[in-house]
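J.: The structure's right below; bear with me while I get my questions together.
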């Protein structure tokens, strides 16, 4: 492709540079507007600078990729509601046999969950589990956090729904879900094992000796705390106390009851205080937010019709699921009901209704798992990936049989908008002719049919993935690498797409800034109750050898 006029080249390069800076450094002091706004700014500049026309900008947005991304995020939200990630957290600590066993479990569970629920979601959910289990067993968190992030990246390479760049590759290459999985799975499986061995070799001494107990008065982390995590994919945030959820949910049920029972005022605040006394006697932690919520409930419960503003003051959470978790905590060790059960709002009527609600929740969870399995089967059969994911998402919405707003609010619409802006920005940069001319220079040295060319291609992808991020790298190189390989044979073209998926994903392990999953683990660990900071250089010390070794071994195992 010939170079565009010099004015278009310069202006297009400026727009892309602004996008790149804000995508890699979203909190840059001169313009701290974040990645999403940065991608929209880059797209707008491409149109304003007349690098592309408005119609070309709209055409650059890849709707199948956005549909697939949206569908998988909705399914992940419902899987979270069905306690899928709670069960994964329990697997980490179930009959653990020490630090080395825990590290291997983290590598395996992180890789598997990332392949089917995306690497970012797995890291959001599992980071706090890992931190709490490490603290419970008095272990240093650093190697376990590295294991979580790096294995999530490697595991996500195996499927088209594992990470965003794979979504792009699967849609553009038209490789079926099954062919994609069977082509990269051997490399992924061996890569996870090799990555775990590298971690064990680097931190063998650290994992062999437990950390000395720093403070005898430190809070003890119970198994309940380790398995009570909730997350919101949209904001990468979570609630770290299951008890806070339980109290908020119970208050919501009080609010509902106050509306449904207009016959005389009920002293709900006294009920709450009685419950607080019972819970404190059982040594269960009570969230400090209860007092503020109690005052709100008193306002609504002291007779009269509540105003609209008063109604919106009471928080709304997933009361049904949390009440079920409370009822499970009221069970004694021998399986019988504890004598200190929290009194119900409606007396015997509420107790009689608890069993149907329990079975309703079990039925809903079963439906969520069956729909998810059905989605994966449909993908393996080669059905359209975008519409399969959207269909599964809507099936879960219908089965839930209530307002889907709270679940749909957890979808990361910021990520979808970021993708729209990035599609336009990258398409504009492509039209400058710079990427094509750079590839024309590299193509003779990056032939996929011999080892030397494969090594050069892998090196280019790794460097670009860490400089420009992996999704823009795939958008810039994908069609060119595939076209070059198609000259050799159709099988080489397919292999080129799989190589691009494998290398661009594993390249995220090179540095702390190499992938969003790394940054998520770092930020989640820093914001945890007992925060821990992952440092750039300590990550690089592990990332460089791991990325090179795992990438090289995986390239020999990719099959078409």
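Including glycine, each Cβ sits where the backbone N, Cα and C put it.
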J.: Do you know which of 521-539, 540-558 TrEMBL annotates as transmembrane segment?
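T.: Feature transmembrane segment in TrEMBL: residues 540-558.
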J.: Can you identify, from 411-430, 431-450, 471-490, the stretch that TrEMBL calls transmembrane segment?
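T.: Per TrEMBL, the stretch marked transmembrane segment is 411-430.
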J.: Determine whether the transmembrane segment (32-52) and the transmembrane segment (411-430) share at least three Cβ pairs under 8 Å, counting only pairs 6 or more apart in sequence.
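T.: Counting Cβ pairs under 8 Å (6 or more apart in sequence), the transmembrane segment (32-52) reaches the transmembrane segment (411-430), since there are 3 or more.
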J.: Please check if the transmembrane segment (6-25) comes into contact with the transmembrane segment (411-430), where contact means 3 or more CB pairs closer than 8 Å and the residues in each pair are separated by 6 or more positions.
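T.: In this chain the transmembrane segment (6-25) contacts the transmembrane segment (411-430) - 3 or more Cβ pairs sit under 8 Å.
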